[in-house]
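Scroll down for the structure; my scribbles are underneath it.
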Amino acid sequence: MASNERDAISWYQKKIGAYDQQIWEKSIEQTQIKGFKNKPKKMGHIKADLIDVDLIRGSTFAKAKPEIPWTSLTRKGLVRVVFFPLFSSWWIQVTSLRIFVWLLLLYLMQVIALVLYFMMPIVNVSEVLGPLCLMLLMGTVHCQIVSTQITRPSGNNGNRRRRKLRKTVNGDGSRENGNNSSDKARGVETLESAPLNGSFWRTLFGNRMKRVKLICNRGTETDYDSGCLHPIIKKRQCRPEIRMWQTREKAKFSDGEKGRRESFRRLGNGISDDLSSDDDGEAQTQMMILRRSVEGASSDNGCEIKSRKSILSRHLNTQVKKTTSKWCSVVRDSDSLAESEFESAAFSQGSRSGMSGGSRSLNMLRRDSESTRHDSETEDMLWDDLLHGPECRSSVTSDSEGAHVSSLHSGTKRDPKEDVFQQNHLFWLQNSSPASDRVSAIIWEGNECKKMDMSVLEISGIIMSRVNAYQQGVGYQMLGNIVTIGLAFFPFLHRLFREKNLDQLKSISAEEILTLFCGAPPVTPIIILSIINFFERLCLTWMFFFMMCVAERTYKQRFLFAKLFSHITSARKARKYEIPHFRLKKVENIKIWLSLRSFLKRRGPQRSVDVVVSSVFLLTLSIAFICCAQVLRGHKTFLNDAYNWEFLIWESALLLFLLRLASLGSETNKKYSNVSILLTEQINLYLKMEKKPNKKEQLTLVNNVLKLSTKLLKELDTPFRLYGLTMNPLIYNITRVVILSAVSGVISDLLGFNIRLWKIKS
């Protein structure tokens, strides 16, 4: 029905729009209908050394976002809380088994409390509805937090990703052979675990099964069987089979791919004599990684990067200079040549399958073939998440799996071009990239000052290690615990001090205490209901303030990131906090500085913590509105009700946390938007001009770039927003008028004269 309405709207829109058209608009529409397929096209490339405004704004370092609107997420969160046992598998997946059992116990206790209350409605209704509202609120917030994983397929993403990487290298087996001999002909030994055995070992050890390709120089290959976890030594496949497979595959390559492969082979043959020795294997590995990273980036973009030959030539000439000083030129043996041709053909076929992650797939297999270190695997997966977002592991697939993956991601609206452009924006950050930029930074080792070429990731890694080593305070955790205990005992304390004075408290009996604790005659159902309410209030309130403490810790870490970043250009403070130091005396240094700024701003939890803070902000506004309405209804009797006192306690505690978050957020913004750093660097440039007049032109260029950077930061930086919501201006003004009008009415009623706290800006 909705689609028919949209079609009808589009039809009528075109119908009435036809009466407004002139000849020029009709001709343009006809040209657009014909399309641009017949237009001449040239091969192009994207310059990876340039930056986009997204890099300064921070959107280049994309974070995971939900594909479902917040209204649907709220509805699903409420349903999953109300029918908690029916969604047990989902709750176990997004939390853990122990937490699920604890939450299930709280859920069952809440159901029992509701049943007992409806049987004997004697207890105050606020004591029953309070925990229920907290449970619904936190369940909805948690559903909003984990919403980025809803569209992902369930199961072990690591194993699925590695299965697709294997198919990337081997190609589609159905097009070559129907049996396992195709893998043997390719000379690639893959390790696949049986479903039962693999799941057993994954459950037992908690590690991903790795497929290892080890091509040894002594004619053997080492395979690891996932079923028994024992190495199996196999003889290398004969070279004629590899050559026959390569000859058969050459006929399937396009002319452009064949020329590209031959160009890389010609570049590689020039130094193969120097790189074939065992002692210089590291240089050969760097050459292969460099070749694949450059060609992989060009194949991802669908463009031919014409400048890669010159880049490769410079890198390979450097490697030749390093190796010719040690070794004389020797003729490459037939084994090395066959292995090089085999790897080149396998890589070309992987890029031909149309996958955006082909170069990274072979890069990972190359690293896995050198060693079985878990650190390199973890680092590679982190790079995958950085360069291609959270969808990368499920998006890298071969042609044969396209339908299967599309069915898994039927609800995903992610444009595949987004990953391509994201890679180009971040291509210069990759360590194996020829365009990776480094800055000459100063580090201190004791009292010694040393220089070191560092990249953005290395500098940010040092900053993050300093932040992680920072001793966090526990003041707000203690505040949350105190408020939790106070709210749990509040109904009992309110009845106790309301009905008993200080003299009567000295001679109070246990039966009277039990009666005051229950709020009714202490019969068995009432006692059970009171104990359940106390336990529910204690646990759920602690969980709520625990989430608030997590948000406060995250904001504190953001502030520390910004603080250490602002100290990078200060020699004294950089030495004090043991972080790298460099000046903005070159254009490349400014580029690194801007990129590091955006990178650190996007590190750590972002959307998940913003969801928590936004929920707390809206809860605070709601409680403030309710309190104002209660005061306006009767300010003399406002404090007679226990729930009004409870509202005031909640409002005071939430305001303390929000003030803390607001102060940390504003200070973080000030650190990142500190224009005085750029102005100081401009002064330093003028000082250098005075000392080195021969470099005046170069320093003037850097000074102009600094001025542009200052203007750009002022243009893009926005003030800190605590609520983290993208709110319509009309809705925002209405909400502000309603809340501030209520506060104005309360103050006017208490003080005796009219006062206005709001003013609508046009």
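Quick reminder: no glycine exception, Cβ is built from N, Cα and C everywhere.
Here is what Swiss-Prot says about this protein:
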COMPBIAS  348-361  compositional bias 'Low complexity'
COMPBIAS  365-376  compositional bias 'Basic and acidic residues'
DOMAIN    6-150  domain 'PHTF'
CARBOHYD  Asn179  N-linked glycosylation site
CARBOHYD  Asn180  N-linked glycosylation site
CARBOHYD  Asn197  N-linked glycosylation site
CARBOHYD  Asn431  N-linked glycosylation site
CARBOHYD  Asn674  N-linked glycosylation site
CARBOHYD  Asn733  N-linked glycosylation site
MOD_RES   Ser272  phosphoserine
MOD_RES   Ser276  phosphoserine
MOD_RES   Ser277  phosphoserine
MOD_RES   Ser334  phosphoserine
MOD_RES   Ser336  phosphoserine
REGION    152-188  region 'Disordered'
REGION    344-379  region 'Disordered'
REGION    393-415  region 'Disordered'
TRANSMEM  77-97  transmembrane segment
TRANSMEM  99-119  transmembrane segment
TRANSMEM  121-141  transmembrane segment
TRANSMEM  473-493  transmembrane segment
TRANSMEM  512-532  transmembrane segment
TRANSMEM  611-631  transmembrane segment
TRANSMEM  645-665  transmembrane segment
TRANSMEM  737-757  transmembrane segment
Confidence summary for the domain 'PHTF' (6-150), mean pLDDT rounded: 84
Cβ atoms near Asn674 (N-linked glycosylation site) (within 10 Å, other residues, all chains): 16
Candidate ranges 473-493, 512-532, 611-631, 645-665 - greatest C-beta contact count to the transmembrane segment (99-119) (under 8 angstroms): 512-532
Close approaches to the transmembrane segment (645-665) from elsewhere in its chain (Cβ under 8 angstroms; 6 or more beyond its ends): 126, 130, 476, 479-480, 483, 486-487, 490, 494, 545, 548, 551-552, 555-556, 558-559, 613, 616-617, 619-620, 623-624, 626-627, 630, 639, 720, 722
Contact set, same chain, for the transmembrane segment (77-97): CB under 8 Å, 6 or more residues outside the stretch: 103-104, 107, 135-136, 139-144, 146, 149, 154
Other parts of the chain folded back onto the transmembrane segment (512-532), taken as Cβ under 8 Å at six or more residues beyond its ends: 109-110, 112-113, 116-117, 119-120, 122-124, 127-128, 491-492, 495-496, 499-500
Residues from the same chain, set at least six apart from the ends of the transmembrane segment (611-631), whose C-beta lies under 8 A from its own: 137, 140-141, 144-145, 547-548, 550-551, 638, 644, 647-648, 650-651, 654-655, 657-658, 661, 722-725, 735, 738-739, 742-743, 745-746, 749-750
Same-chain residues near the transmembrane segment (473-493), Cβ under 8 Å, at least 6 residues beyond its ends: 124, 127, 516-517, 519, 533-534, 537-538, 541-542, 545-546, 548-549, 552, 642, 645-646, 649-650, 653, 656-657, 660
Secondary structure at Asn674 (N-linked glycosylation site), reduced by DSSP to three states: coil
